[in-house]
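Trainee: Straight out of Swiss-Prot:
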type     : residues      : note
ACT_SITE : Glu199        : active site
DISULFID : Cys58-Cys282  : disulfide bond
DISULFID : Cys108-Cys130 : disulfide bond
SIGNAL   : 1-24          : signal peptide
Amino acid sequence: MKMMVVVVVMMLSWLILKPPSTWAINTITFDVGNATINKYATFMKSIHNQAKDPTLKCYGIPMLPNTNLTPKYLLVTLQDSSLKTITLMLKRNNLYVMGYADTYNGKCRYHIFKDISNTTERNDVMTTLCPNPSSRVGKNINYDSSYPALEKKVGRPRSQVQLGIQILNSGIGKIYGVDSFTEKTEAEFLLVAIQMVSEAARFKYIENQVKTNFNRAFYPNAKVLNLEESWGKISTAIHNAKNGALTSPLELKNANGSKWIVLRVDDIEPDVGLLKYVNGTCQATYQSAMFPHL
């Protein structure tokens, strides 16, 4: 009996001391160098499955969890055609990229965005990306993770930054293991990676843009850019809809930049992959045959 008590105490101590960031994080790997449309689709599905809260859904669209659900983070490893890898760390509740890791001189090198470095989550990023304290080294990202901050470092708006599998593949090699690279090079890689990973997971429309233009570089159109900036209000509008009708019209943009007025969930449902967490109950399904696939 005494031995059992000791074992229980040891297990509880381990659980208390073990950093929450290490709980059940599975790394999702995407082989960018050998990518196909089907492999990219599978990659997106893996992110959806690991990120979503399995108990939350509005009108058939899965929702991300609140900040209390563990694991709190996702790791996404991107591998180029030369087998070089960069691992992105994403917050599970919103898919924001917090930082990334590569290998430098045989050690795990972690990079943390400036706006994350000033928070209590900094240690989570460091220990999750590079768990071994004796084999890690840090290299700061001296700017924030917002689009305006990234665009400022790149020197042009993201509407003028090409996306595409080959662009993503080549970007990995410009960072991995490199002693010194410019902030412009880093920010351009991150702009591409964030849109092709996080934004594509949030929006089926962006995922489909990548698949449609799979073998060529492309510029994000006005609809892509607008969706990226409207995820929160889109999620709230869908969450608050009454039997498919939005409580107020949602003004968005079409691909050509013209005005797109959304009145019903089914107008935008095909474009959405994941909803941002919104507190409170919502209709899990449409109370008609509008969504036969559910």
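Even glycines carry a Cβ here, placed using N, Cα and C.
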Trainee: Return the residue, from the listed disulfide-bonded residues Cys58, Cys108, with the maximum count of other C-beta atoms within 10 angstroms of its C-beta.
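Mentor: Of Cys58, Cys108, the one with the most crowded Cβ is Cys58.
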Trainee: So of all those recorded positions, Cys108, Cys130, Glu199, which one's Cα sits nearest to Cys58 (disulfide bond)?
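Mentor: Comparing Cα positions, the closest of these recorded positions turns out to be Glu199.
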Trainee: What whole-number Å value do you get for the CA-CA distance of Cys282 (disulfide bond) and Glu199 (active site)?
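Mentor: Answer for this pair: 23 Å between alpha carbons.
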Trainee: Quick one: Cα separation, the residue listed as 'active site' versus Cys130 (disulfide bond), in Å?
Mentor: 25
Trainee: Taking 10 A as the limit, how many CB atoms besides its own sit near the CB of Cys282 (disulfide bond)?
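Mentor: Summing over all protein chains shown, Cys282 (disulfide bond) has 17 other Cβ atoms within 10 Å.
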Trainee: If I restrict to non-local contacts, at least six residues apart, and a C-beta distance under 8 angstroms, what lies near Cys130 (disulfide bond) in its own chain?
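Mentor: Correct list: Ala101, Cys108, Arg109, Tyr110, Arg136.
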Trainee: If you count Cβ atoms within 10 Å of the Cβ of the residue listed as 'active site', leaving out that atom itself, what do you get?
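Mentor: Step by step: centre on the Cβ of the residue listed as 'active site', count other Cβ atoms within 10 Å, giving 24.
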